[in-house]
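The (6S)-NADPHX binding site annotation in TrEMBL covers 59-63, 135-141, Asp164, Ala266, Gly337, His388, Asp455. Taken from TrEMBL, the feature K(+) binding site applies to Asn60, Asp131, Ser167. Look at TrEMBL and you will find Lys425, Gly426, Ala427, Lys428, Thr429, Gly454 tagged as AMP binding site. Residues annotated as domain 'YjeF N-terminal' in TrEMBL: 9-221. Summarising the annotation, TrEMBL assigns domain 'YjeF C-terminal' to 231-514.
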Amino acid sequence: MRLVTGSEMAAIDHAAINDYAIPGIVLMENAGIRTVEIISQLLESTTNTNIVILAGKGNNGGDGFVIARHLYNKGARVQLFLFGEENKVKGDALTNLTIWKGMGQKIYPLNSTHDVNMVKMAVNSAELIIDALYGTGFKGTVSDLLASVFKSINLSGKTVIAVDIPSGIEADTGKINGPCIRADHTVTFAYPKLGLVLYQGCNYVGKLHVVDISIPAAALSKVASSRYLTTSELINEIWPSRKGPEHKGDFGRVLVVAGSRGMSGAAVLAAEAAARIGAGLVTLGVPSAIHDIAENKLTEVMTFPLAETAKGNISHTTLKDILDRCHSSDVIAIGPGLGTGTETSTLVQDIIMNITIPCVLDADGLNAMAGKAGLFKSVKSNLVLTPHPGEMARLTGHSVKEIQQNRIGITARKAKEWGCSILLKGAKTIICGPDGSIYINGTGNPGMASGGSGDVLTGIIAGLMAQGLTPVNAAVAGAFIHGRAGDVTAQEMGMSGMLAGDLLQRIPHVTKEYE
Ligand SMILES: NC(=O)C1=CN([C@@H]2O[C@H](COP(=O)(O)OP(=O)(O)OC[C@H]3O[C@@H](n4cnc5c(N)ncnc54)[C@H](O)[C@@H]3O)[C@@H](O)[C@H]2O)[C@H](O)CC1
Ligand SMILES: [K+]
């Protein structure tokens, strides 16, 4: 599902009005009608239902005036409060305000502390609160007066419907700089705004309803960016098809190079995850010191020992063996539990500079490239990097804070600069392709922020690439499935006690939906 910024939505709006001659008032009417349709589904009946509508002076408020009219016509008892001076209401919003007044309906002011008390009383006897104060035009923080209204609404226990965007969220970033309406439902128009699916905004949205207001899809072409929210429908489109009787080799061969003394778990988790996601053959190369351990822990995965350094990391002398094995593999995953050190760094660099099969580079495989990220653009094969913010900081030289402040911007820029796909982990994982495509993943939960979860993700992505998915699609589908498996696990056992290994046997429960 496409994601837009506030200004992109305005450009699409503008195209609908100017290139397709759809009057803005029609868009506003449709926005109001669609919102009332959702409200009617939520309420047994609107007749004699007390509903409070808080409207701003812009077009979000305009939507509120349309909603007031339709709810009134459905027999609801509507109290419409206007925040801001009536003479500041313009254009389509003014038209709808005038219609409301022409119906002999009151407009309650919301401009003083006395008015705030009136709102609080109205909220107390209302069944439904509608937030039509701010939409895509909001920036910064709300006034103190609204802050106290938001507080009482958020504490009221009443059902809150946000029009387009809960007021207080910045449409482009999801940033909340102060008080914000916490909605039970958000009815957003045409396309979801970025701020509704990113932290912190996504925590205030409640159930998101994306409704059509008759903007022609072609108007979207006015917006150059290609930003998507990963949905089940998208996964269905890109999921590898398992046609009739096939040879196991047809489902791809994954080579995993991972592990070091004391870190066999990461290597085993990554390898098993590749098998669980459906790869035909998975082979794991680990330092000989942990080979028996890995052999013991794995049944379906073949393992082979690699010469090691005194520290118990994989030795650089194994380069030729690893490159030879790439000739009989479809994808290589490097990094989980690999350990650090100059020999490991040189080995990782020499592998990625010489392979011709796609590669998933994770964890210490990424740390091996710290300060040498410039090499990525000369890597011949397709790279998928899966850093968490700390690893991304080491690769880019940005601080973790800078990265977290601009997750999409930095990841998209580096994906283009390095010519690879980058999956930046964290709350709302971001996937960016070298072609400028941007995906935001909505699945997963905090219970997954435990050791080993990233190793499982690496195996899933490698396993999907082995089955023929493009690097970006493997990262997008991998993040989605990984998060869904985490959600299924959390539902079963709660978030605090779940371990990365618990995700493994739940992967098939999720993937069977897409087979
Ligand atoms: N296709 C569509 O998506 C349609 C959207 N519609 C609705 O229009 C709003 C956007 O309306 P706009 O007038 O541009 O802005 P807002 O109503 O969101 O904001 C009103 C106004 O508030 C001022 N403002 C912004 N931040 C602050 C602040 N921190 N403190 C005080 N005042 C602030 C600013 O001047 C804004 O202009 C969209 O969300 C939809 O709900 C169309 O009606 C239908 C089609
Ligand atoms: K709103």
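Just so you know, the numbers here start at 1 and follow the chain as drawn.
From the backbone N, Cα and C atoms, a Cβ is placed for every residue, glycine too.
Those TrEMBL annotations? Automatic predictions, nothing curated.
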Checklist entry - Do you know the mean pLDDT across the domain 'YjeF C-terminal' (231-514)? => result 95
Checklist entry - For Lys425 (AMP binding site), which of these binding-site residues sit within 10 Å, Cα to Cα: Asn59, Asp164, His388? => result His388
Checklist entry - Can you list, in sequence order, the residues of the same chain other than Asn60, Asp131, Ser167 whose CB lies within 8 Å of the CB centroid of the K(+) site? => result Leu54, Gly56, Gly61, Gly64, Ala132, Leu133, Tyr134, Gly135, Phe138, Ala162, Val163, Asp164, Ile165, Pro166, Ile181
Checklist entry - ligand 2: which of the binding-site residues Asn60, Lys139, Ser167, Thr429 have a Cβ closer than 6 angstroms to it? => result Asn60, Ser167
Next on the checklist: Please list, in sequence order, the residues in the chain of Gly426 (AMP binding site) that are at least six apart in sequence and whose C-beta is under 8 Å away from its C-beta.
Outcome noted: His388, Pro389, Gln404, Arg407
Item to check | Pairwise Cα distance for Asn60 (K(+) binding site)/Thr429 (AMP binding site) [Å, integer] | outcome: 30
Item to check | Candidates Asp131, Ala427, Lys428, Thr429, Gly454 (binding-site residues) - the one closest to Gly62 ((6S)-NADPHX binding site) by CA | outcome: Asp131
Next on the checklist: Cβ under 6 Å from an atom of ligand 1: which of these binding-site residues qualify? The list is Asn59, Thr136, Ser167, Ala427, Gly454.
Outcome noted: Asn59, Thr136
Item to check | Nearest-integer angstrom distance between the alpha carbons (Cα) of Thr136 ((6S)-NADPHX binding site) and Lys428 (AMP binding site) | outcome: 21
Checklist entry - Do any residues at least six apart in sequence from Gly454 (AMP binding site), in the same chain, have a Cβ closer than 8 Å to its Cβ, and if so which, in order? => result Pro336, Asp362, Ala363, Thr386, His388, Lys425
Checklist outcome for this item: Least Cβ-packed of the binding-site residues Lys139, His388, Lys425, Lys428 (other Cβ atoms within 10 Å) is Lys139
Checklist outcome for this item: Among Asp131, Ala427, Lys428, Thr429, i.e. the binding-site residues, the one with its Cα nearest that of Asp164 ((6S)-NADPHX binding site) is Asp131
